[in-house]
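S.K.: Have a look at the structure that comes next, please.
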């Protein structure tokens, strides 16, 4: 198996070669992954917002952003700057502490979840053995922030939106976790890196989507509900609740909700790519490519090309799923709250349990194909 390029080791070694003490070199490296994560997630959101506006315009036979930068690429930046410089208003009867804490509790867990997303063999901020468990734990914090935002606003629409958001998030977390448990069972690991490695032996034929089509559908539907994307955007349904739990928010606090929504969408797409679509894995195994060009897998140039290909493949897979999510916004009608809860509790939950039991049975019956 290709061990990948060791970015941390290479960076620290380069600094040591320049005469910097090893301790100082390690200290310089420590904040870099977090800074890169924040920059990468923010740029990803800007790209996602631009795509949403252009795809939405195309779906409605419009042009969309056109004049703010080439092809309107700077329109999301203009939107962000506008929100940053807007006045931050706190309603007179609101609870100021909870009102401020709500958006922070919503956006922080989403950013922290990026810690376990691998873009390559060694291109991951923290490869912890319980990465999937960490992500599930972090995602369960978000409903608390949504409830805080809805309750503290002292507004009936905000409260209803917060209650809807919490109910929706809790309802779909369980099917989401069940679909992931089936993947964990096949991979014998909670590490996202191990899960991708388990899919890398046979190229595109080794991807988990072929062995877990049911789990893939459950995960994708539940992820859309967690991100509050149409047809599951009931917490902020404009026709019913003005803007839901965001009704009383303005300025930077509103921007945090806006940011959280898109960061969560990209995170969900990345996790689908990692868990079901082989992550950074190229459809043709790297050892086959190495044999075709007649070089060793340990060749430094091949390692760099492999790392670049890995990042590209992960992002291509993720943004294809983002494209599907945006397209769904204009093709599927919004469901009612009772339909949404029925889908989560009466359909996805039982199907998720059956899928988990079926995976366990297939693992015992066909250990080679299902990771026995």
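Even glycines carry a Cβ here, placed using N, Cα and C.
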S.K.: Would you mind telling me which of 97-117, 244-264 Swiss-Prot tags as transmembrane segment?
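M.R.: Swiss-Prot lists transmembrane segment for residues 97-117.
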S.K.: Does the transmembrane segment (27-47) reach the transmembrane segment (97-117), going by 3 or more CB pairs under 8 Å (6 or more apart in sequence)?
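M.R.: With 3 or more qualifying Cβ pairs, these stretches touch.
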S.K.: With an 8 Å cut-off on Cβ pairs and a sequence gap of 6 or more, do the transmembrane segment (166-186) and the transmembrane segment (347-367) reach 3 or more such pairs?
M.R.: yes
S.K.: Could you pull out which residues elsewhere in the chain have a CB under 8 Å from any CB of the transmembrane segment (204-224), counting only those six or more residues past its ends?
M.R.: 172-173, 175-176, 178-180, 182-183, 186, 195, 232, 268, 271-272, 275-278, 281, 283-284, 321, 325, 328, 343-344, 348, 351-352, 355, 358-359, 369-370
